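Visitor: The domain 'Major facilitator superfamily (MFS) profile' annotation in TrEMBL covers 1-398. Summarising the annotation, TrEMBL assigns transmembrane segment to 33-55, 67-86, 92-113, 125-145, 157-177, 218-237, 243-263, 284-303, 315-335, 342-362, 374-396. The feature region 'Disordered' is assigned by TrEMBL to 186-209.
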Amino acid sequence: MLIACCFIQFGGLGVLSNSIGVFFPPICANLGFTTAQISFHITIRGLATVAALPLAGMMLTKYRSRYVLTPAALLLVCSIGSMSFFSELWQWYIASVFYGIAGAFLFLMMSPLILTNWFKSKTGFAVGVAMAFSGLGGIVMNPVGSVLIDQFGWRTAYLIFAGIGALCILPFTAFVLERRPEDIGEQPYSEGNDGLPAADDGKKIPNRRRPSELAGRPVLWVFLAIVMIVAFETVFIYHFPGYALSIGLSTTVGSAMSSASMAGNLIGKFGLGWLNDRLNAKRTFMLGILLTMLGIAIIQAFWRSPIMLTIGSGLYGVCMALTSVSVPMLILGLFNQSVYATVLSLATMMTSAMGGIGTALIGLTYDVSGGYTAAFWLAQALCGICAILLLAAFALKRMEIQKIGRTLH
């Protein structure tokens, strides 16, 4: 199951999402679009994903994975492949709706949902490895995509990308993936009596299955606030080229900062997953917050040094790993497995929505202040608030457990 999730993350999020930006310049040059016009289909895709996430969460927990994910994979691959034949903007916009719906099933929710059922030990490591393959796909396929476009043109390259995605995804969704080991008479991976270390007190977490009951838990709202803050932190990577220019450095430095952030993201997925299995969700998440703050502090303090900016950006990149690896593990520390899919779908919706809002907010801050200083200080303040909220979330969980204990006695 881990190998299947790795291939799907590589071919789906890595190839068919993280590498699509290489198509924008040749499409604009060929068809006369502006970058803003063609990139708007990414915004539409994100909105469609957010809208489809509740449906994805429900279907992934109700039906066998292969019956849900295989049609989604076909829809995803066909959406990308069809772009090879487009010549009008509205065609990209419509295809992006179908792409976004398919992405809700395949990208951020699928791997954590399946792997937390199949791994009762080393859960964090398994999720971290799978999610790291999405970053690896982007690292590999961005330069490969540029070569394909130069050699064959962007239309043929779209078809090649769709073919690679299909080869990576469809065999596993159709013949391998199962949501739970019990569905095929297997047992989850476990080392002895080891369980998930995410719940740091080892006591029973209140079990509330109904959405109305879940919404009545203060810990849910604190958790979602944490997710929103971390999602906001991740959008600085899009502004690094502009930040470099604003302080008198070249776009090459900004690109190096972005690349370092992606490297920090990739390493962070492995590292945070591994640490989660040895510490617990709270300590690992707190470490990720502190590394993010340190990275931003280095960027603020050593803005004249390209080397230090690159180092700071690498540390900052850990915050992106928090959203994809540590957030799913944090859910296991605060909630029961029975509501995992529901909470994960809510968290994924918040992450997707806050990504768009955060990008615009940082841009607005730059327009008002004439620089990125205020945005960086806002990020630091929010990291501090996030750390406090993290402690509050686990305190609320302990209070719920104590309250139920008093009720039982």
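For all residues, glycine too, the Cβ spot is worked out from N, Cα and C.
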Visitor: Under 8 Å for C-beta pairs, could you tell me which stretch among 33-55, 67-86, 315-335 has the largest tally with the transmembrane segment (157-177)?
Guide: 67-86
Visitor: Out of 33-55, 67-86, 243-263, which stretch touches the transmembrane segment (342-362) the most, going by CB pairs under 8 Å?
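Guide: Going through each listed stretch, the top one turns out to be 33-55.
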Visitor: Any contact between the transmembrane segment (218-237) and the transmembrane segment (315-335), i.e. 3 or more CB pairs below 8 Å with pairs at least 6 residues apart?
Guide: yes
